[in-house]
Amino acid sequence: MLLVIDVGNTNTVMGVFDDQRVVCDWRIRTERETTEDEFFVLASQLFAGKDIKPEIITATIVSCVVPPMRKILHAFCKKYLGHEPIWVSAEMDMGMPILYDNPAEVGADRIVNAVAAYERYHDALIVIDFGTATTFDCISKDGEYLGGAISPGVGIASEALFARASKLPRVEIFNPPAQAIGKDTAKSMQSGIILGYAGLVDGLVRRIVKEMENKPRVIATGGLAPLMANVAETIEEVESGLTLEGLRIIFDRVSNS
């Protein structure tokens, strides 16, 4: 079986594939100060909950945007799984040209999402990933990674507001307001955070569309994708398992090359 790991700044998502079928997946907090032994203890508990024995995992592929986690996961794989992990990078031959001025700058998670999305749709695309940062990644109709945009995530933006505006309360950001005009402070903040962020998404997507040769399909992934798809006018599809599927696709391509 194949273990796929996507390490983000806030959360780490893991999944186990049996051929092309995802058997199970988990979302855990990214702990930069952990050790390979502590990671194994946590992973073992997750595996046991799904009756997965570590010895049946024969390969691991990782996308990671948190440099300290590379050493930890490399040691975990070697010590407890008996193999070295494959690390996703722009230098790999994944069947997708990276048309960035410096391809090495492209985050592994952005590449993974782009590969998975194009494999699924085979069309011009904008992939929006709502994570710690919100990334907009553009793929041409011919399957080229064109570049994109990066903005602060919804969580970062709201936390900055809570921290810097001492008289404003901390509000729930996972429930969109019924209207833009808030009738109290909490609803006004929800409007500004959620509907305001939807405006950011729609405005940026419309600008990007004007620069692309073919009209793209707009898809969203990440933890807040379902919420934002309900309030942003330009999002057409939500693909919650995009990153894990992309890791599986890249592993297959690299293994068969």
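Cβ from N, Cα, C; glycine included.
Record features (Swiss-Prot):
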BINDING   D6, V7, G8, N9, T10, N11, T12, V13, T132  ATP binding site
BINDING   Y100, G107, A108, D109, R110, T185  substrate binding site
ACT_SITE  D109  active site, proton acceptor
BINDING   D129  K(+) binding site
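Here the features listed in Swiss-Prot are painted onto the structure.
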{"residue": "D6", "record": "ATP binding site", "Cβ contacts under 8 Å, 6 or more apart": "T12, V13, M14, V62, S63, C64, D109, V112, T243, L244, L247"}
{"residue": "G8", "record": "ATP binding site", "Cβ contacts under 8 Å, 6 or more apart": "T30, V65, V66, D109, G131, T132"}
{"residue": "T10", "record": "ATP binding site", "Cβ contacts under 8 Å, 6 or more apart": "R29, T30, G131, T132, G155"}
{"residue": "Y100", "record": "substrate binding site", "Cβ contacts under 8 Å, 6 or more apart": "A90, V106, Y145, G147"}
{"residue": "G107", "record": "substrate binding site", "Cβ contacts under 8 Å, 6 or more apart": "V65, T135"}
{"residue": "A108", "record": "substrate binding site", "Cβ contacts under 8 Å, 6 or more apart": "S63, C64, V65, W87, V88, S89"}
{"residue": "R110", "record": "substrate binding site", "Cβ contacts under 8 Å, 6 or more apart": "D129, T135, D137, G148"}
(request) Please report the number of other Cβ atoms within 10 Å of the Cβ of D109 (substrate binding site). (result) 27
(request) Within 10 Å of each Cβ, count the other Cβ atoms, then let me know which of the binding-site residues T12, T132, T185 comes out lowest. (result) T185
(request) Please work out the number of neighbouring Cβ atoms within 10 Å of the Cβ of the residue listed as 'K(+) binding site', leaving out its own Cβ. (result) 30
(request) Would you list the other residues of this chain near ATP - those whose C-beta lies within 8 angstroms of the C-beta centroid of D6, V7, G8, N9, T10, N11, T12, V13, T132 - in sequence order? (result) T30, V65, V66, D109, G131
